[in-house]
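Visitor: The structure is given below, and queries will be raised subsequently.
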Amino acid sequence: MIVSAMEKAEILVEALPYIKDFYGRRVVIKYGGAAMTDCELKQKVMQDIVLMKFVGMHPIVVHGGGPEINQMLSRLGIQSEFVNGFRVTDAATMEIVEMVLGGKVNKEIVAGIHASGGKAVGISGKDGMLIQAHPADGSGKMGFVGEVQYVNPELIEKVIENGYIPVIAPIGIGEDQQSYNINADLVAAAIAVSMKADKLVLLTDVPGLMMNPADSNSLISVLKVSEVENYVQEGIIAGGMVPKVQCCVEAVTGGVGRTHIIDGRVPHSILLEIFTDEGIGTMVVNE
């Protein structure tokens, strides 16, 4: 028991310089993957976020919700079609997406943060014209899939100023008041740039970027922007990792200090990344 207590003390001491460095800083967390569907992991993510707030950081949560959307569409007998990883979103699907993300998933995260001792406010990108969007596809084949045109940080600033953690659903609004379904990674990157965040953390279902996915020891701990193009050509950055790396590149070239792709299946992965010397996952830097 004495050893255990000493180990806990050492962990706190190791975290001290990071707590000092990130006091008052903004960290955008893209919350998705297994960490949203596994109850134990979900609770640990909520605890991580609340702890960050209590040690003086300003976490900003952007969430996905693909599995929940799939469940609701299936229940209603609506089939989903995907093109290059994006859900084709017609009017009926858009209505369901907005309902599930803004009305169900968002509020569950807010409730989870409150249950862990924190204070949160759930908002959609439509609130306060937070995320202004336009169609991602000019041909119209993707329906109401959107791209971020502009982020208005005023509402997020007000939420933070009043001591709350912003929890943001990735729904945008167009000039014609049309709702748009936007990839949560893209929204997180755009918000990180707009808020001049020090970190962007993407929770995924993989350890990070792997030189060889079949080799668990081939994790690329640091990825430089200058290396990305070659890695794409070599097939090292492929599949679902392509848009995540692109989001990280957009963020760090837009002024965000560091971006991280980490394994949300690891308990307390956010704390391990931010408050330990070793960190986890892949850090993308503008070098």
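Just so it is clear, glycine is given a Cβ too, placed from its N, Cα and C backbone atoms.
What Swiss-Prot lists as site 'Transition state stabilizer' is Lys30, Lys244, and the listing cites sequence analysis. Taken from Swiss-Prot, the feature substrate binding site covers Gly65, Gly66, Arg87, Asn181.
Can you walk me through where each of these features ends up in the structure?
Guide: In sequence order, Val62, His63, Gly64, Ala184, Asp185, Ala188, Leu200, Val201, Leu202, Leu203 are the residues near Lys30 (site 'Transition state stabilizer'), counting only same-chain partners six or more apart with C-beta under 8 A.
The Cβ of Arg87 (substrate binding site) has 21 other Cβ atoms within 10 Å, all protein chains considered.
For Lys244 (site 'Transition state stabilizer'), the same-chain residues lying six or more positions away in sequence with a CB closer than 8 A to its CB are Asp185, Leu202, Thr204, Ile261.
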Visitor: Sort Asn181 (substrate binding site) into helix, strand or coil using the DSSP assignment.
Guide: strand
Visitor: Give the sequence-ordered list of residues that share a chain with Asn181 (substrate binding site), lie 6 or more positions from it, and have CB atoms under 8 Å from its CB.
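Guide: In sequence order, the residues whose Cβ lies under 8 Å from that of Asn181 (substrate binding site) (at least 6 apart) are Arg87, Thr89, Thr93, Met94, Val97, Glu98, Phe144, Val145, Gly146, Pro170, Ile171.
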Visitor: Would you please pick out, from the binding-site residues Gly65, Gly66, the one with the fewest other Cβ atoms within 10 Å of its Cβ?
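Guide: With the binding-site residues Gly65, Gly66, fewest surrounding Cβ atoms within 10 Å: Gly66.
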Visitor: When you average the Cβ positions of Gly65, Gly66, Arg87, Asn181 for the substrate site, which other residues in that chain have a Cβ within 8 Å of that mean position?
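Guide: Output for this site, in sequence order: Gly64, Ile69, Val97, Leu101, Ala184.
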